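Look at Swiss-Prot and you will find 1-11 tagged as compositional bias 'Basic residues'. The feature region 'Disordered' is assigned by Swiss-Prot to 1-103, 529-553. As annotated by Swiss-Prot, compositional bias 'Basic and acidic residues' applies to 36-46. Swiss-Prot lists 60-73 with the feature compositional bias 'Acidic residues'. Marked as repeat 'WD 1' by Swiss-Prot: 431-470. The repeat 'WD 2' annotation in Swiss-Prot covers 474-515. Per Swiss-Prot, the feature repeat 'WD 3' maps to 611-651. Residues or ranges marked as repeat 'WD 4' by Swiss-Prot: 652-691. Per Swiss-Prot, repeat 'WD 5' is recorded for 695-735. Among the features that Swiss-Prot reports, repeat 'WD 6' is placed at 751-781.
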Amino acid sequence: MSVNPRKRKVVTRPAPEPSDSEGELGDGLLEGILSHSEDDSDNSREEEVDTDASSVIEGLSDEDEEEDEDSDSEQIRTEMRNLNTSDGPLRKKKGVPTHDMDLDTAVTEELEDDEDLKPNYTVTTDAHGNTRYIYKEIDPVYESDDSDVEATNTIGNIDLKYYDEYPHIGYDINGKKIMRPAKGEALDALLDSIDIPKGWTGLTDPQTGKPLNLSEEELDVLKRLTRNEVVEDGYDPYPEMVAYFSGKQEIMPLSAAPEPKRRFIPSKHEAKRVMKLVKAIREGRIQPYRAPEEQEEEQDAFNFDVWADEKPRPDNSMHIPAPKLPPPGYEASYHPPPEYLPDKAEEQAWLEADEEDREREFLPKNYDALRKVPGYETFVKERFERSLDLYLAPRIRRNRLNIDPESLLPKLPNPEDLKPFPTTCAAIFRGQEGRVRCVSIDPNGIFVASGGDDGYVRIWELLTGRQVWNAKLSDEEAVDAVQWRPKKDASVVAAACGENVFLIVPFTLLSPDVEQASREVLDAGWGYATSKPSTSSNGEAPKQAPGKWSRPGARLENKGVLVQVEVRSAVKIVNWHRRGDYFATVSPRGQSTAVAIHTVSKHLTQLPFRRLKGIAQTAQFHPSKAIFFVATRNTIRSYDLAKQELVKILQPGAKWISSIDVHPGGDNLIVGTYDKRLLWHDLDLSNKPYKTLRFHKEAIRAVRFHQGGLPLFADTSDDGTIQIFHGKVVGDLMENATIVPLKVLKGHKVRSRLGVMGLDWHPKEPWCVSAGADGTLRLWS
């Protein structure tokens with residue numbers, strides 16, 4: 001539509017005469033109703049002459065040669081549009097805005113009478129002199145929601161055809177009649193179709209009877225719908241999908257329980273059902289749908305060979321083959337050996353026995369030839385019972401685990417990387433008569449002391465294996481224990497023989513300074529014993545001392561045996577304290593006197609326990625603390641000698657403990673048992689064993705840690721072998737000890753089911769000396 005810069009001519013027309021319909025309706029009834037009709041808007045629009053809108057004419061051309069023709073057609077069109085279809089002139093309503101009136105003034109005059117219809121804004125001027133509209137705040141209770149907007153026509157959902165006979169079409173909220181709006185003629189409809197106003201639909205509002213026009217927002221919605229666009233701004237048609245989200249956002253969860261795992265993993269039951277369907281489809285048991293005509297055509301062709309298209313069908317996945325019958329034995333032969341044929345007594349017993357109690361279902365019989373064998377009487381019965389067993393007895397498939405046993409073992413370091421440790425026999429010490437029961441290496445690593453069944457204590461050179469000293473302590477008793485004093489300032493050997501403990505200084509092997517220091521250590525107690533006051537009072541006999549300290553006699557003193565300690569029962573174990581002033585003895589046959597602690601500097605014997613639970617087997621001092629370990633047959637108790645209280649009870653779970661030894665660090669302990677087990681205890685971890693090692697076939701006699709700083713320990717057994725282990729202990733409490741088997745040393749012979757009786761480590765080198773029941777000592781390096 002083009003705009004003509006020239007103004008069109010003003011066309012005047014006579015006012016129409018009043019009609020009967022106008023007089024019938026009345027001006028008062030049309031007050032506020034016809035003011036918004038199309039006719040009024042057209043009249044008010046055409047009355048304005050000197051505005052720019054009057055120059056806008058649809059279809060007007062700008063060509064000069066067609067100016068006259070266009071002006072005539074425009075004049076005719078304007079006259080047709082300005083025709084009033086009503087019978088009488090409509091006067092200008094009060095407050096109706098026209099182009100001659102200011103818009104704000106008209107609205108104010110229209111809404112003066114009703115406060116509810118007043119505008120919700122105030123007209124002011126901004127800083128630039130422009131008009132500014134200031135709107136009131138919206139009441140969020142009513143004004144923000146149009147769900148309760150009052151309807152203009154309150155007749156409800158009633159068709160307007162029932163009001164065709166009446167001049168009104170309904171009632172407003174105040175009960176006043178809403179008069180029917182004036183209807184234009186066909187010419188008005190034609191003109192309206194030519195000049196279509198904005199928002200025109202050509203429809204009539206069923207409630208008001210007025211033309212139905214659309215607003216800008218509604219037009220925008222229709223445009224978006226026709227373009228397949230989202231109607232509402234900010235609406236996301238494809239929100240992020242959450243599998244467990246219902247679609248409605250809640251402030252609080254309906255259920256805070258976590259989703260089960262079955263929601264996120266495939267269903268096994270559905271997979272089984274699907275696999276059944278897949279298998280049925282592959283086998284042809286499930287066919288796709290076909291029309292009935294095709295099926296009838298296929299039925300016409302007959303296949304007489306039933307198995308022509310037969311294909312081998314694989315067994316079901318749950319199929320388990322029937323177990324095979326055992327093959328027949330010699331007794332089932334028609335010509336069995338004579339030893340399988342029953343005699344008359346056995347045959348009679350078989351016939352008299354009940355069928356369920358018979359060992360066989362038949363009696364063996366002998367036939368000369370196969371043609372003489374008759375039919376088997378119970379053949380059908382056996383086949384029937386076999387069928388019943390296959391039908392009724394459940395079957396099970398037992399899967400064999402093909403697992404390499406080596407893969408189950410822990411990964412241990414290579415023993416070659418853990419050297420040095422003893423591997424071969426370097427020397428053999430011969431000369432002992434009978435079994436060698438005990439062995440000990442001196443703190444300097446030069447001499448080896450041993451004791452055996454012959455009652456001799458012998459001292460050998462470690463490197464050469466030559467015997468350099470010996471002394472016979474008893475003709476009847478065996479030497480059960482030998483132990484060097486751990487201090488290097490003096491050289492003293494403690495040997496247990498029967499009920500006596502002898503303290504020996506082999507002065508022929510010592511230098512004068514060491515000999516003098518050793519004699520002073522042993523002689524210091526004699527003066528203390530002499531000056532000690534008597535414990536008897538009121539004429540009562542003194543109590544018997546637990547140990548009697550005396551000199552052994554001239555014969556033994558000349559040999560270097562200087563002190564003899566006599567206790568109440570036979571001593572089997574002797575262990576020194578780290579300071580060298582105390583040593584403990586264990587007499588398993590004694591009860592309250594089984595464990596005794598002896599003080600060398602005072603020649604004093606003490607019994608630390610009034611009564612002991614169980615039979616004592618061995619005892620050991622802690623290497624750095626005032627803790628004393630006592631092992632009975634089944635338990636190991638640790639006592640604090642300073643506080644005189646029980647610290648801990650270890651439970652190895654063994655039937656009979658043979659020996660124990662404490663790690664130089666003091667936090668670990670190994671236990672040897674007569675039931676062939678070697679146990680490692682971590683004192684900081686638990687009272688139960690940390691590791692249990694079963695490598696021996698016979699009882700374990702002795703266990704020993706290396707005291708020179710090497711991570712080695714060993715045990716001896718009656719099977720004639722010595723097991724060497726790597727035992728690494730670190731200071732980090734979060735890391736456990738590392739135990740690795742290194743070497744099995746074999747060389748001792750077993751005599752009377754006794755093998756290796758004792759063991760001791762070199763104080764510095766990775767060497768060890770073992771004592772065997774075969775009467776020899778062996779140095780392993």
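Keep in mind that glycine also has a Cβ here, set from the backbone N, Cα and C atoms.
Sequence-remote contacts of a segment are chain residues at least 6 beyond its ends whose Cβ falls under 8 Å from one of its Cβ atoms, and for the repeat 'WD 5' (695-735) they are 415, 418, 420-422, 658-665, 667-668, 670-678, 680, 684, 741-750, 753-766, 768, 770, 772, 780.
Summarised as a single figure, the pLDDT of the repeat 'WD 2' (474-515) averages 92.
Helix first, then strand, then coil: DSSP counts for the repeat 'WD 3' (611-651) stand at 0 helix, 20 strand, 21 coil. Taking H, G and I as helix, E and B as strand and the rest as coil, DSSP gives the repeat 'WD 2' (474-515) the counts 7 helix, 16 strand, 19 coil. Recorded stretches compared: 611-651, 652-691, 751-781; the one with the most Cβ pairs under 8 Å to the repeat 'WD 1' (431-470) is 751-781. Residues 617-618, 620-625, 629, 631-636, 638, 697-705, 707, 709, 713, 715, 717, 723, 727, 729, 733, 736-737, 739 of the same chain lie 6 or more positions beyond the ends of the repeat 'WD 4' (652-691) yet place their CB under 8 Å from a CB of it. According to DSSP, the repeat 'WD 6' (751-781) comprises 0 helix, 17 strand, 14 coil.
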